[in-house]
Amino acid sequence: MALAFADRLAAAQAGTHALIDLDALAGNVQAVRARLPEDVVLMGVVKANAYGHGLIPCARALLAAGARWLGVARIEEGLALRGAGITAPVLVLGPPNYALLQPALDADLTLAVGSAADVAAIARAASGDFGPARLHLKVDTGMRRFGVEMDEALELVQAIVADPRLELEGLFTHFATADEPDPGFLREQARRFRQVRHLLARHGIAPRVVHQANSAAALRGVVGDADLPGERLVRAGIVLYGLPPSAAVPAPPDARPALQLETRLARVFTVAAGEGISYGHTYVAGREIRCGLAPIGYGDGLSRLLSNCGWFVVRSTRCPIRGRVCMDQTVIEVSRVSGVEAGEPALVLGDGRSGEMTAVDIAELCGTIPYEVVTALAARVPRIFLRGGQPVAVSDLAGLVEERP
Ligand SMILES: *Cc1c(COP(=O)(O)O)cnc(C)c1O
């Protein structure tokens with residue numbers, strides 16, 4: 001028999017779990033909106049399981065807080081949103097998977113296209129039963145990843161416009177260096193995109209929506225000109241989760257990280273002086289120490305690069321990771337906290353207010369970016385979603401269950 005909400009919540013709380021503060025997401029939407037011109041529309045980017053935070057509850061929270069669009073990378077992610085009953089416009093940002101075009105169009109997803117082949121494949125799949133397939137043409141202005149070359153954009157636009165099975169709803173580009181200290185190439189890409197918009201306008205083609213900014217560009221105010229045709233949209237991801245795009249582009253001071261990762265010690269034990277801990281004995285106790293065993297490892301998304309350098313927080317005290325992070329377990333030293341027993345909560349990742357590692361700290365220790373730290377959080381880590389500080393939903397390997405009051 002499937003466990004009910006209360007049982008799934010209790011199970012999650014008893015082990016490793018993530019707490020997702022939906023009010024923080026809403027506050028972050030406000031913090032970003034407050035920095036944008038009034039007319040600019042917000043797309044909440046929820047690809048990769050909402051940057052590890054949990055797709056469906058986060059998508060709903062962002063929409064309720066004022067995001068008008070959702071952005072995903074893959075058609076499957078868009079189908080999952082539709083499966084949960086979300087009817088807001090959804091743009092699939094990445095190159096379309098041709099094997100999923102039919103379901104994508106049936107589900108009323110908006111598709112990004114970057115080549116004549118993309119356009120032709122979608123035209124073939126569009127039955128016309130639901131009106132024309134809505135496309136956003138991606139123009140490569142310098143990212144050198146996905147998108148039509150600038151000098152081929154007009155021809156592709158004209159092919160879309162001429163096909164009654166298709167509608168050119170949007171035009172967009174993506175910046176390569178919006179989060180770098182030097183804004184030079186960001187400005188250059190913005191200039192190139194403006195050229196494309198002018199070119200289309202001269203040919204009497206005016207896509208209804210136009211977008212260029214990710215979080216970093218949005219925070220820098222590079223959101224496109226208002227004097228050219230098209231509703232302006234920004235595609236914000238990382239900042240909505242309360243994390244900074246980079247050191248050069250911090251999150252707004254009123255944004256807060258929405259995710260906290262907690263575990264509970266399964267065992268507390270003494271390690272004698274001279275004994276090694278965990279695989280390879282990379283840590284050898286110099287004196288007798290007290291250790292706690294946490295049921296979390298790289299299989300949960302806790303990087304193995306944190307071996308012997310990361311820390312958890314127990315009762316506001318930093319407790320260093322001793323030895324290697326394993327797939328499912330990690331040992332911390334709890335000598336500095338007295339009276340620790342099995343069942344003791346330990347904070348792994350959060351906003352840093354209790355001295356715990358932030359996603360930025362972990363990224364620095366592991367030589368990566370906060371994006372990867374939160375996105376790495378594995379499916380087997382249950383997410384507990386909070387509103388007003390109270391759990392309102394749990395997602396675990398059995399799926400999403402919401403509290404029914
Ligand atoms: C992921 C992504 C975004 C969001 O980027 P953030 O830096 O998280 O704001 C925007 N646009 C595209 C095309 C993306 O792939």
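Heads up, the Cβ atoms here are built off N, Cα and C, so glycines get one too.
Quick look at what TrEMBL lists:
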MOD_RES   Lys47  N6-(pyridoxal phosphate)lysine
ACT_SITE  Lys47  active site, proton acceptor
BINDING   Arg145, Met327  substrate binding site
DOMAIN    258-386  domain 'Alanine racemase C-terminal'
ACT_SITE  Tyr279  active site, proton acceptor
_Given the recorded positions Arg145, Tyr279, Met327, find the one whose Cα is closest in space to the Cα of Lys47 (N6-(pyridoxal phosphate)lysine)._
Arg145
_Using Cβ atoms only, which residues of the same chain lie under 8 Å from Met327 (substrate binding site) while being at least 6 residues apart in sequence?_
Gly297, Tyr298, Gly299
*According to DSSP, which kind of secondary structure is Tyr279 (active site, proton acceptor) found in, if we only use helix, strand and coil?*
helix
*What is the separation, in Å, between the Cα atoms of Tyr279 (active site, proton acceptor) and Arg145 (substrate binding site)?*
40
*Which listed residue (Lys47, Arg145) has most other Cβ within 10 Å, given these are recorded positions*: Lys47
*Across all chains shown, how many C-beta atoms besides its own are within 10 angstroms of the C-beta of Tyr279 (active site, proton acceptor)?*
13
